[in-house]
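As recorded in TrEMBL:
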DOMAIN    40-211  domain 'GTP cyclohydrolase I'
BINDING   Cys105, His108, Cys176  Zn(2+) binding site
Amino acid sequence: MTMIRSEAEPFTDPELGLPDAVVPLHVVAGRAEIDLPAAERAVADLLKALGRDPHSVHLADTPRRVAHAYAEMLTPREFELTTFPNDEGYDELVLARNIPVQSLCEHHMLPFQGVAHVGYLPGDRILGLSKLARVVELFARDLQVQERLTKQVANWLQDQLAPKGVGVVIEAEHLCMSLRGVRAAGALTVTSSLHGMLRDNPSSRQEFFALTGINS
Ligand SMILES: Nc1nc2c(ncn2[C@@H]2O[C@H](COP(=O)(O)OP(=O)(O)OP(=O)(O)O)[C@@H](O)[C@H]2O)c(=O)[nH]1
Ligand SMILES: [Zn+2]
């Protein structure tokens with residue numbers, strides 16, 4: 001998945017007034033359009049291959065439902081990137097903890113879900129808080145591995161906001177590990193990605209992990 005920014009320049013000095021840097025985001029191809037009728041046919045074929053009758057009264061609507069469910073789970077909502085000038089020179093951590101994460105593992109197309117803790121040390125700009133959760137959704141609504149998801153969120157914040165540091169931790173349970181296979185129900189996978197001072201400065205790093213509740 002690739003994202004481009006609009007024609008608007010993101011971080012030019014604003015006129016007075018807020019919000020001052022609203023940048024429409026467009027999720028662009030890298031992925032083809034979702035073809036719902038083809039997905040429905042494929043689900044009906046899968047049911048048949050699994051020894052089930054897709055035309056039975058119970059399953060007649062299932063291909064449509066499954067196709068729509070996957071389409072929904074693979075389609076992030078677009079949003080506008082809203083930043084504000086850091087007029088007060090706020091120079092401590094901003095951290096949104098326990099952001100819900102729902103994604104699909106690319107190996108089994110089964111959900112993995114949990115929480116993300118997303119933080120940054122502001123530079124010249126601060127970010128609308130909701131955008132920390134929106135960017136998690138932007139990259140989670142894809143076929144993913146948790147490591148890539150974690151890095152994409154951190155890289156996006158670093159690129160878009162140019163803060164002094166970025167930290168992202170994701171804790172998630174993978175249904176492919178709990179429902180089937182090894183059946184390790186309740187096992188949590190923890191991943192992290194850090195940039196700038198949160199990576200390089202030991203006390204900033206420690207503070208970040210302390211506030212996330214993760215022992216570094
Ligand atoms: N690194 C990583 N691995 C993942 C993620 N989600 C699922 N996996 C793993 O992807 C691997 C795929 O391994 P395979 O051996 O090809 O698949 P499998 O035979 O179904 O493996 P088992 O789950 O061990 O039964 C499994 O070990 C999964 O646990 C993820 O987000 N990151
Ligand atoms: Zn999996």
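Backbone N, Cα and C define each Cβ position, glycine as well.
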Which same-chain residues, if any, lie at least 6 apart from Cys105 (Zn(2+) binding site) yet have Cβ under 8 Å of it: Pro111, Phe112, Leu143, Gln144, Val145, His174, Leu175, Cys176
Across the domain 'GTP cyclohydrolase I' (40-211), average pLDDT on the 0 to 100 scale: 97
Residues that sit under 8 angstroms from His108 (Zn(2+) binding site) by C-beta distance, when 6+ apart in the chain: Leu175, Cys176, Arg180
